[in-house]
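Chemist: Below are the structure tokens for one structure; questions will follow.
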């Protein structure tokens, strides 16, 4: 029975093998033989990628073309010197002889109008390099290439053109090899169609040209940057939630890297492309990696939904303006081309979508582009913010609503995440996976943390929404879009400004502001002890500190100060009630710069006004923004607002310098300058290098901030692993405490000046002469000091060694006496009147021994004077212990209670024999807490 079943299954097995063989033959790679410009011949796969090829294409007549194009592909193969051209589409012109003029431009659009137009249907192929000069020029007749659908054009016949055009080394010799490898090759291919009778342009289509290398990788770069941002969020939240003392939690939180600084860095890079400049394609591709930080995330379904609201319409499967009307001119097209007169109506041609890639066709390719999304600029042009958005496939009319939707989503995620973390911690504590008191303060005050998180998220989206709203006002749009933009603009502006003003008023309510005339002194100094600089300072501050500086110049100004009514009011970083309510505003800034966030909101608003509102005036936009960035950088650098060094370095110096350099280099891209595109590309690469270094520095600071935050979370541990970080942790905590005191630069300068003066006086002092002086005299204890009548003179409570009850002391003294009188005379060979130091343990020695049993401070607590943990943890015990040194004895000593040798008497309080006294003569001098030993000073 089994052989019969196998015989029946044999036909099915053969059928399967035949099917597999046919599939393999269908997917088998086809090869051709080709020769490059050097004459080297080789086998080439027909489905290989060309050296240069087109991408997405659009209508360069603004939708006024009389053709609808669904496929427009062109490519140049440098390995066999051929150009491939593919065109699919339809038209509503019926039976008319036309002249076609096809040009392939590599960067510079426009037809050479001084060229004579051929009288037949002609294709002209021109390749223009990135400097605008023609690199390849060719004219040919499409009829000679058997493109029957173009000879002549008829509305009833779909346009289908496919041509392989061989070229020679002389024709493409102007193309530099750099064009095949440089990222984001700046070029475009253009198809222009003219009427043969009127020589009038009736169609124009343009596609972007590329070589496969690009700086645009948002699918890969955005997740990586998002991970680093998430690390910064976790580190910031952990330092704010760990602990029970708000003052200590604030101090550690101030030194974690601010998430606001991280997102502001990414947003500044992305909105560099919002200036109305003629950008190089390399910059546009680079900026597309940072769009996610501003809420600009492409979603095809979302864009399609927004288009219907913003009024963006069109067919995404084709480009062109040919309608459903068939134009029958009878040989003349002059009036119909410009007036679009309708002679007869017919059923519109059904336009098929571009066919998908056929894997079984060895001649099919995957590098082809698609028709651009309706509302997008012409491919190959990167003018202003719409050109920057074209790399993302987002129309400029949809950008505001798209950003608003994603911002609302982000704020909603923040609102959900805080309660979720709280519930997760409660669940873990209930199932005993974490301790019951883990993050107890956060779990009991999670509503306050939720409010702080929402306010911070609202503040992080302030710059983005103000910029996009002003941009929407500038470009216009439907009434509904403008109304929503106005509502969002007022909500963010009034909401953020009023909240910040209320927080500042809550701190300054208990005092008055006073304005006094003063002067700003600009004096010469050195930063970091070697960088020369001119630093401003108030003249009143210099007078108070009695500092003399090298004045360069001075400006008379009025100084505004706030004076508290209560002089004993705690500072802003010690006011626990204010930290709990408004810590989101002041926690990261210095004690004297707690109000800086209020001025930073004004800075963000002015910058958003230049970027979003100055679109129609590029000259004022770029120059005004540059001047504002320079002035802001100087003011913020003088204020030095952040308490943490990493936030100061990133937000003030690195980001500020990057903004100034980027804006300054962007001036070269003004449309009026018509900068050479090769030079423009070189300047664009410089901008990418500057911003790339900024991003690398930010990533390094995020990692360092995570490490320091981990140290802050481990501040209550005795030791950390690895132990090599112990010294770093101690220094970090010491510097943190110094930073919290907020000592001004002038105060430090005065202190350094005083130390330098003392050092100078010490060096100028003549060398001391030999001399002798008695500083102190110490009295050694005697045996009679332990008599009953001398106990009150040696009360342990008076010398800080501890406290023993009087009965215990008397019992010890009585026990230390010998039981026999004769043994007192045989204690030593000294005269009877002489007294020796006793070898037995005294009451004070016993009290000191008890004190040594106390648990010593850890190495971390001994090096850092103040408590490292939050209030409520173990406090520093160095302030409650006696400063008297504890006597230290060798372990082999007969006076030690820890080790007993066999030479000691059986009774611990018995009188030692003469042999023991002679053996331990040096150890009989026990040390009581008392004054230091006499020292000899040589002057």
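A Cβ is built for glycine as well, from the same backbone N, Cα and C atoms used for every other residue.
What TrEMBL says about a protein is an automatic prediction, not a curated fact.
Since we're looking at a predicted model, the values are computed, not measured.
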Chemist: Between 826-869, 870-913, which stretch does TrEMBL give the note region 'Disordered'?
Modeler: 870-913
Chemist: Quick check on the annotations: TrEMBL lists transmembrane segment for one of 564-582, 621-639, 716-734, 735-753. Which range is it?
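Modeler: Residues 621-639 are the ones TrEMBL records as transmembrane segment.
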Chemist: For the record in TrEMBL, which of the ranges 345-371, 372-398, 399-425 is the transmembrane segment one?
Modeler: 399-425
Chemist: So, does the transmembrane segment (399-425) come close enough to the transmembrane segment (594-615) to give 3+ Cβ pairs below 8 Å, pairs being at least 6 apart in sequence?
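Modeler: Between the transmembrane segment (399-425) and the transmembrane segment (594-615), which are separate recorded stretches, there is no contact, as judged by 3 or more close Cβ pairs.
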Chemist: Which listed range (399-425, 483-504, 651-670) shows the maximal number of Cβ pairs under 8 Å with respect to the transmembrane segment (446-471)?
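Modeler: The stretch with the most contacts is 399-425.
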Chemist: Go through 257-279, 483-504, 651-670, 682-707 and flag the stretch with the largest number of C-beta pairs under 8 Å relative to the transmembrane segment (399-425).
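Modeler: Per the Cβ count, the answer is 483-504.
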Chemist: Using a Cβ-Cβ cut-off of under 8 Å, list the residues of the same chain that are 6+ residues beyond the ends of the transmembrane segment (257-279) and lie near it.
Modeler: 225, 228-229, 232-233, 235-236, 287, 290-291, 293-294, 296, 382-385, 387-388, 456, 459-460, 463-464, 467, 471, 588, 611-612, 614-618, 621-622, 625, 642, 644, 646-647, 650-651, 655, 658-659, 662-663, 666, 669-671, 675, 680, 684, 687, 691, 694-695, 698, 701-702, 704-705
Chemist: Cβ pairs under 8 Å only, please: of the recorded stretches 483-504, 621-639, 682-707, which one is richest in them relative to the transmembrane segment (651-670)?
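Modeler: The listed stretch sharing the most Cβ pairs with the transmembrane segment (651-670) is 621-639.
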